[in-house]
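A.B. asks: Residues annotated as signal peptide in Swiss-Prot: 1-19. Taken from Swiss-Prot, the feature domain 'Ig-like' covers 20-114, and the record attributes it to sequence analysis. As annotated by Swiss-Prot, disulfide bond applies to 42-107, with the evidence given as sequence analysis. Sequence annotations record features per position, and here Swiss-Prot assigns region 'Complementarity-determining-1' to 43-53 based on similarity to another entry. For 54-68, the entry in Swiss-Prot reads region 'Framework-2', with the evidence type similarity to another entry. Residues or ranges marked as region 'Complementarity-determining-2' by Swiss-Prot: 69-75. The region 'Framework-3' annotation in Swiss-Prot covers 76-107. If you look up Swiss-Prot, you'll see 108-114 marked as region 'Complementarity-determining-3'.
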C-alpha cells in the first residue's frame, strides 16, 4: 500500500423540488496519510435538526453506519470516528486515521423521506 491513504467521498445530490432536502458533502475526494485528522462536512439545504447519519462504504461491501443522529456513536465503531452539528451543518471527524479507514464516506438524512 502506498504511503498515502486515499479516502473517497461521495457527493449526494437530491433534486431540489417541492421542498426536498439537498445534502452536499465536501471535500469530494481527499488524499491523506495515516495518523492524520480528517474532517468531512455535510450541509443540508434546510434544517434537519439532528437527523443526519454518517456511513462508510468499502469496495464490494454494504454501507456501515458510523454515527447516527449527528453525534451518537455506534457500538463496535472505533472511537476515532465522531460526529457533530445540527440544523444544516454537520461534521464527521476521523482522529488519527488508520489504513483500514480508506473508504467512501457519505451522509444521509432521515428528517424528510421520499
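Backbone N, Cα and C define each Cβ position, glycine as well.
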A.B. asks: What same-chain residues, at least 6 away in sequence, bring their CB to under 8 Å of the CB of residue 42 (disulfide bond)?
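C.D. replies: Residue 42 (disulfide bond) has long-range Cβ partners 23, 24, 25, 52, 54, 85, 89, 90, 91, 92, 107.
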A.B. asks: Relative to the Cβ position of residue 107 (disulfide bond), how many further Cβ atoms are located within 10 Å?
C.D. replies: 26
